[in-house]
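In TrEMBL this protein carries:
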type   : residues : note
DOMAIN : 6-77     : domain 'J'
DOMAIN : 140-215  : domain 'RRM'
Amino acid sequence: MDIEVDHYSALDLPSGEEGAKLSEIDISKAYRKKALELHPDKRLDDPINAHLNFQKLKASYDILKDDKKRKLFDEMIQLQQQQQQDSKRRKMMSFVPDINLARLEEEERIAIKLLGEIARIREILLSKKESSEMCVDKEKVLKVSWSKSGEGYTCQRLRELFSNFGEVEHVIMGSSSKNKKRSYALVEMLTKADAAKAVSSSGLTGLLIVPLVSL
């Protein structure tokens, strides 16, 4: 699912919390109105772009009329807006050096990107009818980081280590272009209890483990 596209705005609807409260009737009504405006039959002077824009409109409507896809999109929008608000709040209130502020913002950006990757994988599984749950529970997701000068960790190695605390659902690797000294990954546990055990463990030397919900 493309988080860069605001599917509510595509239908001339309010986004964020207001968009999440809209009914199916509101969405269908907005789509019909916008479809009449963008229909290729009314834009004969530019048929190629008219067809493309109409297909984008229909793609946005298909996501919003699907309860599970819409719920996932709402959560991703909310997470993105929260990240932006936290970033602004730090700039206004924090007295840490600018370099530390930039590092925190970069780590948040990485976490958002990796969380989006987990959501994308869940959507693929759902389309194949291999999973019935799309929502990403941040309390089950751990942000793991380690020094690049130390032991190198792979998806398989992290899965083996965190399996000591319970079943591991996903391991998504990521790296920061700005932080040359540390590597990052997200580990999604099956339950919140398993995630809590991993955070409180002292047996994973060299790994910094932080619950995603605390970022």
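Any Cβ shown, glycine's included, is placed from N, Cα and C.
Automatic prediction, not curation, is the source of TrEMBL annotations.
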Item checked: Composition by DSSP (helix, strand, coil) of residues within the domain 'RRM' (140-215) -> 24 helix, 28 strand, 24 coil
Checklist line | Segment-level pLDDT (mean, integer) for the domain 'J' (6-77) | finding: 91
Next item on the list: Please spell out the DSSP helix, strand and coil residue counts for the domain 'J' (6-77).
Entry: 57 helix, 0 strand, 15 coil
